[in-house]
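One structure is given below, encoded as structure tokens.
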Amino acid sequence: MPFNTHREPNETASLLSPKIPRDIEQAPDDYCAQSRLPSSATVFKIVLVLLVGTVTSNADSSLVLATHPTIASEFNALSSSSWLFVSFSLAGAATQTLYGKFSDIYGRRLILVIAYILFAVGCALVGSGKSMGMVILGRVISGCGGSALNVLAVLIITGILSRVSSRRCHLAILHQPRRDNGSKPRRARRRLARRHRRMAVVVPGPSPALRAGHRALPDLHPQARRDAAARRPARDEARHGGVRSPRRQQPAAAPGASLANIDMLGATLLALAILTLLLPVEIGGSQVPWTHPVVFGLVAAALLLGGLFLATEAWWAADPIFPVELLRHRDVLLGYFVTAAQGGAQLGLMYAVPLYFQVTKRVSNAVAGSYLVPAVVGNALGAILAGIVIKRTGRYKPVLVFATLASSTSYLLLLLRWHGQTNIWESLYILPSGLGTGIVQTTTFIAVQAAIDPAHKAPAMSGIFLVVTIGGIIGMVAVNAVTIATMTQTLDTVLNAMGIGEAARHHIIEQAASNIAYIDTADKDISAAVVRAYVNGLSASHGVSLAGSISAIVASLLMREHNL
């Protein structure tokens with residue numbers, strides 16, 4: 001048949017162009033190269049842009065970890081320094097579940113740019129804040145933006161590489177929570193100190209990321225791709241002389257209808273449940289007694305709001321932010337618990353270590369932050385080694401049990417040995433905790449994926465991000481509360497033994513709990529008593545981390561191993 005001869009369609013004629021392979025898996029290698037797969041240069045550019053955002057977020061968290069005692073002391077609010085972390089993480093926990101759905105409606109690039117703007121505005125507000133409340137408000141705003149940087153990075157990368165999966169390529173993603181990034185260079189901390197030791201130094205970071213993201217990232221708009229797919233049959237009909245391609249036309253959904261499906265009620269209930277759960281831990285024993293009716297009322301409200309959230313997700317929400325059926329799976333629940341318990345224990349340690357060395361050795365922020373390096377190195381090594389071992393053995397439960405045991409050993413050593421005279425070798429006791437946490441991060445990702453239906457992979461992975469945030473918040477608040485409560489009680493006992501009156505004791509305790517620099521200005525005997533009280537408080541905080549890690553050991557032993 002001549003090439004230009006018109007062929008009438010009939011019942012047996014093929015509706016596919018002869019130039020299109022019938023099975024993409026059987027297509028020649030150069031066929032995929034001719035399709036619209038992203039080039040290596042494009043993928044590298046996109047990953048580089050995403051890296052700028054995640055590094056900026058990590059730098060922000062690292063600076064806060066190393067300098068939170070000094071930042072809070074400037075406002076005479078050392079006992080509330082944990083809110084520099086809690087406010088950021090709480091805002092992230094409340095918003096990160098919504099970013100994926102918003103990006104499905106409005107596109108990945110637009111939502112990512114909005115996240116960069118929120119992060120930059122929050123950092124600017126923190127840097128210019130004149131009170132602790134203003135700084136915490138800035139942390140809330142930056143947390144709303146920062147929570148999207150990791151989530152959208154994962155969505156964008158997997159969205160790009162999913163096209164390459166037709167060429168039978170495989171992708172392994174290792175995720176490390178941003179709060180485990182330890183110390184930063186000395187120059188950054190000196191600059192931070194010159195700017196009232198607050199986080200204004202990170203404000204310029206989102207600006208190049210914002211510009212580069214807007215220029216380099218593709219629109220990655222799922223709704224636009226569906227509209228384009230709906231228009232292709234018309235182009236194919238004109239191209240093939242009236243013969244339509246067999247692609248099915250998918251009508252475009254109205255943005256308003258898609259927006260109405262977002263579970264805003266569930267997200268609100270979840271945020272309120274987390275807030276009411278954390279407030280009793282934060283204020284109990286420091287601002288109100290543990291037996292105060294407010295504490296019991298907040299706990300009851302947390303249970304009620306949590307129940308309403310589960311009921312909403314199970315029976316009300318058309319498109320729930322988290323499928324409740326995952327919570328009926330034993331191994332998923334245990335995996336979430338191990339992740340949250342170990343993450344909370346480790347983040348509590350990361351909070352306590354800089355404060356310990358600033359109190360006992362009176363070192364600068366830079367030196368105090370450098371003591372976190374062993375934990376950070378161990379975290380990275382653990383994540384890599386876990387992947388290698390699981391790949392070679394095909395088993396993950398023994399690796400998970402070993403990780404929790406290693407972390408528990410580290411916390412036990414800190415509890416027994418860190419009592420004010422810690423040498424350089426003893427400072428390496430935090431290495432096993434970082435190693436174990438890195439292994440847990442990698443292993444629980446694998447364990448949860450092995451236990452669930454592949455159709456639930458995306459929400460299950462989102463659940464891991466969420467429980468890491470919640471566990472970190474609880475661990476941070478618990479460690480801070482135990483440290484301050486134990487320090488206050490110990491200092492009051494020591495001062496009473498020194499014959500100091502009640503009014504003077506109250507003033508000294510208030511100064512010691514609000515400003516770490518009080519150790520340098522107080523009398524020698526008073527200063528020694530404050531240091532002793534803080535050492536006891538921080539030792540008790542290591543007991544909190546140890547308890548969390550032991551509970552992770554029990555949960556890991558109860559997990560069942562599935563075939564990979």
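Using the three backbone atoms N, Cα and C, a Cβ is placed for every residue, glycine included.
If you check TrEMBL, you get these features:
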COMPBIAS  184-199  compositional bias 'Basic residues'
COMPBIAS  216-240  compositional bias 'Basic and acidic residues'
DOMAIN    46-564  domain 'Major facilitator superfamily (MFS) profile'
REGION    175-253  region 'Disordered'
TRANSMEM  110-128  transmembrane segment
TRANSMEM  140-161  transmembrane segment
TRANSMEM  257-278  transmembrane segment
TRANSMEM  290-311  transmembrane segment
TRANSMEM  332-357  transmembrane segment
TRANSMEM  369-390  transmembrane segment
TRANSMEM  399-418  transmembrane segment
TRANSMEM  430-452  transmembrane segment
TRANSMEM  464-485  transmembrane segment
TRANSMEM  540-559  transmembrane segment
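Sequence-distant contacts of the transmembrane segment (430-452) (same chain, six or more residues past either end, CB-CB distance under 8 Å): 174-177, 180, 326, 329, 331-332, 335-336, 338-339, 342-343, 345-346, 349, 353, 371-372, 374-387, 390, 396-397, 399-400, 402-411, 414, 460-461, 463-464, 545, 549, 552, 559-560, 562-564. Counting residues 6+ beyond its ends, the transmembrane segment (332-357) has Cβ neighbours under 8 Å at 65-69, 82, 85, 177, 179-180, 182, 326, 363, 365, 367-369, 371-372, 375, 400, 403-404, 407, 410-411, 414, 418, 422, 430, 433-434, 436-437, 440-441, 444, 447-448, 451-452, 460, 463-464, 467-468, 470-476, 478-480, 483, 516, 534-535, 538, 541-542, 544-549, 551-552, 555-556, 558-559 in the same chain. Recorded stretches compared: 110-128, 399-418, 464-485; the one with the most Cβ pairs under 8 Å to the transmembrane segment (369-390) is 399-418. Computed over the domain 'Major facilitator superfamily (MFS) profile' (46-564), the whole-number mean pLDDT of the model equals 77.
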